[in-house]
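What follows is a short report on a single structure.
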Ligand SMILES: N[C@@H](CCC[C@H](N)C(=O)O)C(=O)O
C-alpha cells in the first residue's frame, strides 16, 4: 500500500551493512513498488544516527529495468544510492561491495561468477573471493589541479573523477591526519572551488605512510566525514600514482588506510581502478521510518 507521496505505509524490511565502516541502510524494493520515488526526507530519517537506523547512505535494491532500461540487459540489479542528506550520487564504491554481498546472502546472484550491478555511473562488476570483495570502478579521469582549504590551511589538490567528483590533497610529510580536527571530532567541511565542482565534491586528505601505502580522511559530499570512501580511495590511488610518476600502461597498487580499516587499490595496466576490501551485513529487520 503506497502513501500519496509515493512512500510506504507501515513496516518494511531493511538490512544494515558496511564496508570498512562506511555504513548503509539497504532497502529491498525489487520491483520498485515499496518505496515509490524514495523521498529525500525518508532517506534522511533512515540515516539519522539518533532518531533513525543510522548510516552514511541508503542503497535501494531494485531491478535495473525499473530504473534504467539501458542497463537491464547487462545487470539485473541496480544500486539506487542516496547520500545521508537525501541527495543521489553517481557511485559508491563501498556501497556496491555491500550491495553485492547482500545479493549473495539472499541467493539472488551466484557468488562464483562476476556480479554486474547497475549504477548512475553505468554497470560495475563485483567479484567475491572469500572476505575480499572487489569492484571495478572503471576508468578514472584526472582533470587537473585545484585547491581545498580547511580553516586557515590550504592545499593543492588533484581533481579526479571516479564516476563521482573528488579532490585529493596531500598533507606535508610531517602533518598528522588526526590533527585536522579536535580530538574525537569530525572534520569541518573543507572549502573547494565551486566553479570546478558545481555539484559539490568529496574531499580526501592524504598522508604518505610508506612505499605504496597511504592513509586518508575523507569528507563526503552529502554526508560529512565518513570512516571510509571507496571511490575516494580510488581517487587517492590515482592521484598518488600520478604523483609517483606512473606511466600509461603501468600497473600501480596502493594500500589505503581509512579510519575504518584498509582498502587495496589497483590502477591496472588497462586503465581501470579496482577497489578491494571487506564488507559485512550486520542486521536485518523491519522499520516504519
Ligand atoms: N562512500 C562512497 C561514496 C558515496 C557518494 C559520495 N558521497 C558522493 O556524493 O559522490 C564510496 O564508498 O565511494
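Backbone N, Cα and C atoms are what each Cβ position is placed from, and that goes for glycine too.
Caution: TrEMBL annotation is automatic and unverified by curators.
What TrEMBL records for 22, 83, 93, 94, 164, 202, 220, 221, 230, 231 is substrate binding site. If you look up TrEMBL, you'll see 92 marked as active site. The active site, proton donor feature in TrEMBL is assigned to 92. Residues annotated as active site, proton acceptor in TrEMBL: 229.
Overlay of TrEMBL feature records on the structure.
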| residue | record | DSSP class |
| --- | --- | --- |
| 22 | substrate binding site | strand |
| 92 | active site | coil |
| 164 | substrate binding site | coil |
| 220 | substrate binding site | strand |
| 229 | active site, proton acceptor | coil |
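Between the CA atoms of residue 229 (active site, proton acceptor) and residue 164 (substrate binding site) there is a gap of 12 Å, rounded to the nearest whole number. Sequence-distant neighbours of residue 230 (substrate binding site) (same chain, 6+ apart, CB under 8 A from its CB) are 19, 22, 92, 93, 94, 95, 96, 97, 135, 137, 263, 275, 277. Counting every protein chain shown, the Cβ of residue 22 (substrate binding site) has 33 other Cβ atoms within 10 Å. Neighbour counts were taken as the number of other C-beta atoms within 10 angstroms of each residue's C-beta; across the active-site residues 92, 229, the minimum falls on 92. Non-local neighbourhood of residue 220 (substrate binding site): 56, 83, 202, 226, 229, 232, each in the same chain, at least six residues away, with C-beta under 8 Å from its C-beta. Within 10 Å of the C-beta of residue 93 (substrate binding site) we count 27 further C-beta atoms, all protein chains included.
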